[in-house]
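For reference, TrEMBL has these:
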DOMAIN    A:99-602  domain 'Cytochrome oxidase subunit I profile'
TRANSMEM  A:25-43  transmembrane segment
TRANSMEM  A:63-83  transmembrane segment
TRANSMEM  A:111-136  transmembrane segment
TRANSMEM  A:156-181  transmembrane segment
TRANSMEM  A:201-219  transmembrane segment
TRANSMEM  A:239-265  transmembrane segment
TRANSMEM  A:277-307  transmembrane segment
TRANSMEM  A:327-346  transmembrane segment
TRANSMEM  A:358-380  transmembrane segment
TRANSMEM  A:392-417  transmembrane segment
TRANSMEM  A:429-449  transmembrane segment
TRANSMEM  A:540-560  transmembrane segment
Amino acid sequence: MSANAAGLSGVDTANRQRRRIAPPVIRGLLWAAIGFLVFNTLVSQVIDRQPYDPFVTRVSATVGWAAAVIGWLLGVGAWEVIVRPFFGHPVEWDIPNDWRRYFMFSTDHKVVGLQYIFTTTGSFLLAGLAAMMMRMELMNAKLWVFTNPGAYLTTVGIHGTVMMFSVGTVALVGGFANYFIPLMMGSNSSAYPRMSGLSHWLLPAGIATVFLSPLLGQWTTGWRAYAPLSGQDPSGIVFYYLGVFAMTTSSLLVAINLTATIIFNRAPGLTWNRLPMFGWGILAVSLLTIIWVPEIQMTFIISLLNLIVPFSLFEQTGSPLTYMESFWLFGHPEVYIIVVPAFALWQEIIPVMGQKTLFARQWGVLGLVFVMLFSGLVWAHHMFTNMRNSEMLPFSFFTEMISIPTGFSYLVVLGTLWGARLKFSTPTLFVLMSMFNFLIGGITGVLLADPVINLQTHDTFFVLSHFHYTVIGSMVFTWLAAAYYWLPKLSGRMYNETLGKLGAIWVFIAFNSAFGQMFFVGLRGMNRWVAVYPQYLQNMNFSISMFAFLLGLGFLFNFVHITWMWNKGKPVGQNPWNGKTLEWFGTPKPGIATFSPLPHVETGFYDYSENTPPTPSPPKRM
Amino acid sequence: MSSHNTYTKTSLRIGPLSERDLRKNRFGMSLYCISQAVPYFLLINIRFVIAGNFVPVGLNLWLGGIIPTVALLVGIIPLFTARAALQKDDIPRVRSHVMTAMLLGLIGLLSLLFPLWFHNFDALSPFGEIDLISLGVASFYTIIALIVAWGVYLRLGKGLIRKETGWGIEATIWVYAFNAIAWTALFFTLDLL
Ligand code: HEM
Ligand SMILES: [Cu+2]
């Protein structure tokens, strides 16, 4: 039975449509604006008047923001789908089966997944634009794009924050996993569809908040918002804390929803032994999110209160180091939240492209799980400059130990590649590039885990390049691999193989040329968080900037190609890669049930050794 | 996808839950509790890092301390009796017990808010801060618990919660008990230990 066969008379719908005064997103914006104005005014003009009577104060902005976000969520549909039913009214929320469904509250996991994919892509482009402005500034050893160093640093902060909390953390989880995990589990829905619908709409609210932060003033801390520095700036940092709170809450809800989906919505026969690798990856990431996101949220709330009450917990009279510890306790697991889904996708794509059984699957699972467990033990490698020598050893040791379970992920893919008749498609190419880039990122990571090297390179472009190798080099490259891999499923159309490969090679060369040089410019003394640097670094920075622009254009090229093919590509069958995971066997269209009846799983998904269901594949020549 | 089905209705099940759905909901609630316990751990840790075991002499152990602890802990009991009454489909009784829990919760909330509003510590001492933040956190979660209970109370009044569809009551127990226990733990470690 399709989900929209639920008895709904035309008259009913027509009446409700007439009553709905504005499209939900517009209504959300309106309610957000009203919420902000009313509560901001109430606080700044009545409850908590300040000397000279400013209209917006730190406190009023915070309260007004909370009202605005609540107004926004209610306006896009939480009012009808969550609040009114909660108090006992019937749900009156009809979703048109066309493009409008992406601009309103939806409980359909496919719609939610696509909403996340659009929002993430949009924020990637905006934060990427910020990166282009930064690279433009760094082309020259003097200030010339920005008028003051604070403006440069604010841009760095916005870029880093949005990239981390709305791209890195979200692209593969909120986006692809929301869409594909229920499909891969053989289920027609995620576990808590209403919560899932809510989760997406927090994300644009958070992104907008961070981008609007300059309205409250500059902030120079970067994405880590270190106290007490954060207390010395004008007030832009207030919107950093609030925006990050919205974005991380979004991720937390996704994690809870997907964990329960994997545990409870598996189709009959889909045992733990058969769970797809992407399922394991998302499970590991979700657990990290469930533990560490609330940790950083509380830290940020305390920091925010530090500013607006004000307190001095992390200030001079308190303990600034405590802030750093609390930040990095979350901060390191965060990098695995970003990269573990990418590892899992390598193991998802390569067996299909090679039509070869996944090598040593259990070791792949163990790798993902142990990376997750170790990630909580290493945070202080970000603080080697702030500790006694004797404290460094354990953190150095555990950090280097993580390369062992990480190695499992590599070996599983390499073992699968061994002797496979690999289909050299665009997704394959992106996966191989991603593995190469992570190798560089990982090796430099091991170097950085060594205090001797770390103390020399701390806060230089060496570190910057190291982590961009992991976030762009691995995560973003795998994101593109997944986009090309699943495009036929998402759109029913195929991309153009030549253009796809061109796009891959383009970003690969541009990326390695730009960020490869950054290692060397870092070793030669280029610091992070500086808009102006010594003249002798100018030539190399100029060259880096050129390749960075090329990289930006390369990403744009890939996005345009994908969007184009989404609408105009050659129509293609249900399962062009001959994959065996369940997503290839359901209806991809939003608005109708994926599986009817539910599939029954009889073998593992990575078994290409014999002719096994669910895909009958032609016998293999050995 | 056929043309006459141009709208998808968002449906809300208030039918009985299957055994599996019940387990799924309980699992979700336990994830809520696990994730929301983390901020409490962090608060306790930060307090010991910054202020050690120091407890100021002027601390009022009753307001923002013993009174909310007792009120919130005792408030759990009527929720359990409400669930028992629901098994007998005795809806008026269920409502009155939920109301009792809400009143106790309200007493707890007021007793938390009072010292928060009229705080008598200098907020610029590490202890004063942690105390105020703890009171704020506890008030926040108490408000959440009260909202959950209130929704259940209204739905009970509309006859939407019955013996077979009693998840709402159980959800309230989870949220309410989590808040009561977490606050108690915070109070004990911060002010009494
Ligand atoms: C599109 C290509 C990108 C370029 C050219 C680029 C370039 C840069 C530059 C120049 C900086 C600031 C250096 C400094 O002064 O400290 C920076 C910082 C940063 N970037 Fe990127 N970036 C890109 C993409 C990404 C992505 C995809 C992510 C994460 C998913 C990311 C995360 C960060 C973070 C976390 C920081 C640190 C911000 C801070 O110091 O607070 N970047 N990037
Ligand atoms: Cu780290």
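Glycine too: its Cβ is placed from the backbone N, Cα and C atoms.
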Worksheet item: When only pairs 6 or more apart in sequence are counted, do the transmembrane segment (A:111-136) and the transmembrane segment (A:277-307) reach 3 or more Cβ pairs under 8 Å?
Response: no
Worksheet entry | Selection from A:25-43, A:358-380, A:429-449, A:540-560, the stretch that has most Cβ pairs under 8 A to the transmembrane segment (A:392-417) | A:358-380
Worksheet item: Do any residues of this chain, six or more beyond the ends of the transmembrane segment (A:63-83), have a C-beta under 8 angstroms from a C-beta of it, and if so which?
Response: 24-25, 27-40, 42-43, 56, 91-93, 104-107, 194, 197-198, 201-202, 205, 209, 239, 242, 246
Discussion item. Should anything in the same chain at least six residues away from the transmembrane segment (A:540-560) have a Cβ under 8 Å from its Cβ atoms, list it; otherwise answer none.
Written reply: 121, 124-125, 128, 131-132, 135-136, 138-141, 476, 480, 502-504, 506-507, 510-511, 513-514, 517-518, 520-521, 524, 526, 533
Worksheet item: Which residues of the same chain, at least 6 past either end of the transmembrane segment (A:156-181), have a Cβ under 8 Å from a Cβ in it?
Response: 109-110, 112-114, 116-117, 119-120, 123-124, 126-127, 130-131, 134, 190, 196, 199-200, 203, 206-207, 210-211, 213-214, 219-223, 240, 243-244, 247-248, 250-251, 254-255, 257-258, 261-262, 278-279, 282, 285-286, 289, 334, 337-338, 341-342, 345, 471, 475-476, 478-479, 482, 486, 490, 529, 583
Worksheet item: Cβ pairs under 8 Å with the transmembrane segment (A:358-380): which stretch of A:25-43, A:277-307, A:429-449 has the most?
Response: A:277-307
